[in-house]
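According to Swiss-Prot, the feature transmembrane segment maps to 34-54, 55-75, 95-115, 119-139, 155-175, 182-202, 221-241, 244-264, 291-311.
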């Protein structure tokens, strides 16, 4: 079945009326694994920002950011249902599996988008709400509907959507965007290509089948390997910048350096993969470590902040 045929089949399926979707199916539309990373980095931005926020408002902010991220995930699944049905990695998602009708997923995503942005604006501030609205739009429209199927630089440019959560968290506390929040943005933005291109290497067949122009399919594996190393190096460099800005301690800088060296080492292992390697073990290891790297970097920033607060004689600066 081609992408066009599958799109038409899904459209007809959506015209048959409401599905019998359960709460779990709608939860899957939110892309919970992606949401967990969004929530964590947003929380980091909120905690690391100078100043204080009422804990209740902080909780509302995190919930709104989580719901907004889930909403963009639902809109992404709605639009990509045709190719999701063909790719082995995504074929069991709620829409291609027939558990949720496309129209329901669209309505679900739109309602959650409006709800999350409105509540964040009313409860916290409108700058953070505006950035959240832009993030949802960028991911659902700019990336999903345009970049993903039109350019091999899709995840480079589209990666900005995943990099905004710490900026939103920061804006919730400060009401503005500063250079420190931009650094948090850049850590995720520069990390994204190596992370997703590692996945694209061992999922080339899937992307080829649906015509998504991922870099390995368009520019070839050697070029992709070079780009992965380049972005891994950039990620390692930006990862230590907070310690040089006085935004984090030397201890954090040491941890970030070690993590960065391992990240680059994993990328070099991918670069050294022989041509025609079917198993792509180094690429799979890089993909797995990249997830750990991002969680570890932001965890290190949070721990560094907590230690600084405790050493200053209290926990009042934690939130």
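Cβ coordinates come from backbone N, Cα and C, glycine included.
What you see is a predicted model, and the numbers here were worked out from it, not measured in a lab.
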Under an 8 Å Cβ to Cβ limit, what residues of the same chain, 6 or more beyond the ends of the transmembrane segment (155-175), are close to it?
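The answer is 34, 37-39, 41-53, 57-58, 61-62, 65, 69, 72, 120, 124-125, 127-128, 131-132, 134-135, 138-139, 142-143, 147-148, 181-182, 184-189, 192-193, 196-197, 214, 298.
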Between the transmembrane segment (182-202) and the transmembrane segment (34-54), are there three or more C-beta pairs closer than 8 Å, counting only pairs 6 or more apart along the chain?
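Between the transmembrane segment (182-202) and the transmembrane segment (34-54), contact is present.
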Which bits of the chain, at least 6 residues beyond where the transmembrane segment (34-54) starts or stops, bring a Cβ under 8 A of a Cβ in it?
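For the transmembrane segment (34-54), the sequence-distant neighbours (Cβ-Cβ under 8 Å, at least 6 residues beyond its ends) are 61-62, 65-66, 69-70, 73, 124, 162, 165-170, 172-174, 180-181, 184, 188, 247, 291, 294-295, 298, 301-302, 305, 316-319.
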